[in-house]
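Residues annotated as (6S)-5,6,7,8-tetrahydrofolate binding site in Swiss-Prot, with sequence analysis given as evidence: LEU120, GLY124, HIS125, LEU126, SER353, PRO354, PHE355. Here Swiss-Prot flags LYS229 as N6-(pyridoxal phosphate)lysine, drawing on sequence analysis. Annotation source Swiss-Prot lists site 'Plays an important role in substrate specificity' at HIS228.
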Amino acid sequence: MNILQNLKESDPVISNFIKSEKNRQETHLELIASENFASIAVMEAQGSVLTNKYAEGLPQKRYYGGCEFVDQIEELAIQRAKKLFNANWANVQPHSGAQANAAVFLSLLKPGDTIMGMDLSHGGHLTHGSPVNMSGKWFNAVHYGVNKETSELNFDEIREIALETKPKLIICGYSAYPRTIDFESFRNIADEVGAFLMADIAHIAGLVASKLHPNPIPYCDVVTTTTHKTLRGPRGGLILCKDAEFGKKFDKSVFPGTQGGPLEHIIAAKAVAFGEALQPDFVNYSQQVIKNAKVLASTLINRGIDIVSGGTDNHIVLLDLRSINMTGKIADLLVSEVNITANKNTVPFDPESPFVTSGLRLGTAALTTRGFNENAFAEVGEIIADRLLNPDDSLIESQCKERVLTLCNRFPLYESKLEASIK
């Protein structure tokens, strides 16, 4: 069954859009830190007949008949997730990381309770108490940030804020923090003020699974994550706990609390991705992700572009463009013109608005999936520096784009199987 061929015949307009997107991915350097390239096996699971099945409830406790096979798939996804993160409980049904976080809030909090997370402009996330998100509208959100000198977590300040505000829930885990997170220190603070501790490891889940970043499971009451990004699976969410009995309370907050029927085709794809992440090759991949990020950071620093915190411990490289008198909005446009995809991002203590910003966030997960090594990322760093430091030079712009296309041809995105099915 060639689904894409059927799509071409049934809806050539959508088929052509998909082909165009595939071409864009092949001919651009994907440096958005939250993106990656799922395997063909993961994509096949997503596009399977499982999309036809309703399965409200949990395995063996469904509200619909005919769930014997999706039960087995979901149970396998749960088993693999628990093994991957050394957890005793898992729920694989959340449609996204935001949905996973919402389910946790529903279980542990009441409207008006105080939650404490990192300020969005310092590297936090919308769902950690931003005033534009339900987490900031329904709860009393207080925020901590990073040290102004080091751009790293300041646990003395975090403790002071916690002691003063007495949050019901403390959130650690970020969207633009390039350093290792000390979960044990957060646990100590949470215990001191009597708070629940939640880790949102959406960005670093693959590194945690590979044991290249400390695991929050032993220290946190609950852990949430997405299943794409460094984990390289389908777009979706996941909730994990060390305490199986405590974890059961989140089952009801996922369904019927915040969702209806689970997406069993996505859960199958999650199971495939978890299986891939349990293989030794995935550890090698994760190691390369970090090596590549360090090379990218050092290359840019050597060209006179500041990096927030002076480097990175994970896949994220956050440029502070105030060092070259440029905004993130302009930098994002400049690199996009030479087929590099990134995103403007606030930096700690940013004087610019979130629509302009002083930063550019880069990530190495996607290109590492394509096979990029340290030498390739050194070239990526040089291309970015050449473009940003010469914004008005059309010749350098043209040369940068040629160098990007050379790298794209050197590291093709997918093997011939996908190529043949889309043509």
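Glycine too: its Cβ is placed from the backbone N, Cα and C atoms.
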TODO: Report, in whole Å, the straight Cα-to-Cα distance of LYS229 (N6-(pyridoxal phosphate)lysine) from PRO354 ((6S)-5,6,7,8-tetrahydrofolate binding site).
DONE: 22
TODO: Based on DSSP, name the secondary structure state of PRO354 ((6S)-5,6,7,8-tetrahydrofolate binding site): helix, strand or coil.
DONE: coil
TODO: Please list residues from the chain of GLY124 ((6S)-5,6,7,8-tetrahydrofolate binding site) whose Cβ is under 8 angstroms from its Cβ, counting only those at least six apart in sequence.
DONE: GLY117, MET118, SER130, HIS143, TYR174, SER175
Open item on the list: Helix, strand or coil for HIS228 (site 'Plays an important role in substrate specificity')? Use DSSP.
Closed with: coil
Task: Other C-beta atoms that fall within 10 angstroms of the C-beta of the residue listed as 'N6-(pyridoxal phosphate)lysine' - done: 27
Open item on the list: Among residues LEU120, GLY124, HIS125, LEU126, SER353, PRO354, PHE355 annotated as binding (6S)-5,6,7,8-tetrahydrofolate, what is the maximum Cα-Cα distance? Answer in Å.
Closed with: 16
